[in-house]
Amino acid sequence: RICYSHKASLPRATKTCVENTCYKMFIRTHRQYISERGCGCPTAMWPYQTECCKGDRCNK
């Protein structure tokens with residue numbers, strides 16, 4: 001799986017992952033502000049929410 005792996009303020013980067021999912025994490029009240037992206041599907045703590053997907057570069 002190829003996932004985007006950059007933090008919000010950094011240039012776009014990708015990473016080849018062994019996990020079968022990618023994620024993007026954002027603040028629940030501001031879905032347009034994505035704080036980070038990466039491999040897997042971690043559990044988020046309030047006020048963050050994780051959105052996971054299966055597909056190359058699906059966490060845009």
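Here the Cβ of each residue, glycine as well, is placed from N, Cα and C on the backbone.
Owing to the predicted nature of the structure, the values given are computational and were not obtained by experimental measurement.
According to Swiss-Prot, Cys52 forms a disulfide bond with Cys41, chosen from Cys39, Cys41. Of the cysteines Cys22, Cys39, only one is given by Swiss-Prot as the disulfide partner of Cys17: Cys39.
Cβ neighbour count for Cys52 (disulfide bond): 15 (other Cβ atoms within 10 Å of its Cβ, all protein chains included). Looking just at the region 'Important for binding to L-type calcium channels' (41-48), the mean pLDDT is 93. Around Cys39 (disulfide bond), the same-chain residues six or more apart in sequence whose CB sits under 8 Å from its CB are Arg1, Cys3, Ser5, Lys15, Cys17, Val18, Glu19, Thr21, Cys22, Tyr23, listed in sequence order.
Straight-line distance linking the Cα atoms of Cys41 (disulfide bond) and Cys53 (disulfide bond), rounded to a whole number, equals 8 Å. Around Cys53 (disulfide bond), the same-chain residues six or more apart in sequence whose CB sits under 8 Å from its CB are Thr21, Cys22, Tyr23, Asn59, listed in sequence order.
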